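First up is the structure itself, then whatever we jot down about it.
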Amino acid sequence: MKFFASLSKRFAAVLSLVVLVAGTLLLSAAPASAATVQIKMGTDKYAPLYEPKALSISAGDTVEFVMNKVGPHNVIFDKVPAGESAPALSNTKLAIAPGSFYSVTLGTPGTYSFYCTPHRGAGMVGTITVE
């Protein structure tokens, strides 16, 4: 009888170890969830600028360009990494209503440059670095 009790304890210990290792592997293998970050179109002080002007994100993250104050504003990508299409990422429509937004998910690592058509000359330009 002692033999079976000893065997059961060993089996329980081994089973516990297997469950612990499997759980650790599953948790560490879970993919990181993509983030959503915002860039304001127009500053809180009504300046025709993107805020922030430069930002770094991870591949697969989404950027929301949110109409903040006085517009109109848009988002035109002009320099993008190889394999991406600047026209496909751009939003040529002018945003006017505060709170309206345009979202774009960036998956290719590299630097993306963008500007606002009506306010490019005023310095409304920005960059996103995807790591």
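In case you wondered, yes, glycine gets a Cβ from its N, Cα and C as well.
Here's what TrEMBL has on this protein:
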SIGNAL    1-34  signal peptide
DOMAIN    38-131  domain 'Blue (type 1) copper'
BINDING   H73, C116, H119, M124  Cu cation binding site
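Across the domain 'Blue (type 1) copper' (38-131), the prediction's mean pLDDT works out to 97.
The candidate set comprises the binding-site residues C116, M124. Of these, C116 has the most other Cβ atoms within 10 Å. Of the listed binding-site residues, namely H73, H119, the sparsest Cβ surroundings within 10 Å are found at H119. Highlighted in sequence order, M41, G42, P48, L49, Y50, N74, Y115, T117, P118, R120, A122 have their Cβ within 8 Å of the centre of the Cβ atoms of H73, C116, H119, M124, the residues recorded for Cu cation, and are not part of that set. Residue counts for the domain 'Blue (type 1) copper' (38-131) under DSSP, split into helix (H, G, I), strand (E, B) and coil, are 7 helix, 47 strand, 40 coil.
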